[in-house]
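Lifted from Swiss-Prot, the feature list:
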ACT_SITE  Asp128  active site
BINDING   Leu75, Cys76, His77, Met113, Glu114  substrate binding site
Amino acid sequence: MSQLTHFDSAGQAHMVDVGDKAVTHRVAVATGTIRMLPETFALVRDGNAKKGDVLGIARVAAIQGSKRTSDLIPLCHPLALTKVAVEFELNEAGHSVRCTVRAETRGQTGVEMEALTAVQVGLLTIYDMCKAVDRGMVIGDVRLMEKRGGKSGDWVAD
């Protein structure tokens, strides 16, 4: 098993030095779900939520979240993102919305945290916009689905 990279030999937290790493194309895809009451799902699906276009605003929030990742995660490097794509999949039977984010950069470190943060912010925005009618929504199943590029190579979830 690999060692944790965000701690030095004395066990102190530090930001990893990526200065000598090659600049490569990096891609990460993350996903997560929010489950809600059938009535809440209908409001989201039909675009009838009191606060407006829930998924449109959640899409913009997810993109903004990806751009702010290094402000939120202490040892995360600031990145020049080259692409952030946000997709929502409505699951009528499960009364849920799946958010999938693909983040890309050309850089010296990966974009996994940006993709994961974007998913969480997108789902939290859905929660925020619908909480007046459903405080019991559940956010879950947030995970990295794949990462491409970099020294450690490609990885795809089982």
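Note that Cβ sites are derived from N, Cα and C of the backbone, with glycine treated the same way.
Feature map: Swiss-Prot annotations on the structure.
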residue : record                 : Cβ within 10 Å
Leu75   : substrate binding site : 13
Cys76   : substrate binding site : 18
His77   : substrate binding site : 15
Met113  : substrate binding site : 22
Glu114  : substrate binding site : 27
Asp128  : active site            : 14
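Residues Thr69, Ser70, Ile73, Pro78, Leu79, Thr109 surround the recorded substrate site, their Cβ atoms falling within 8 Å of the Cβ centroid of Leu75, Cys76, His77, Met113, Glu114, which are themselves excluded. Here the residue listed as 'active site' is positioned 28 angstrom away from His77 (substrate binding site), judged by their C-alpha atoms.
Cα of the residue listed as 'active site' to Cα of Leu75 (substrate binding site): a distance of 27 Å. Secondary structure from DSSP puts Leu75 (substrate binding site) in coil.
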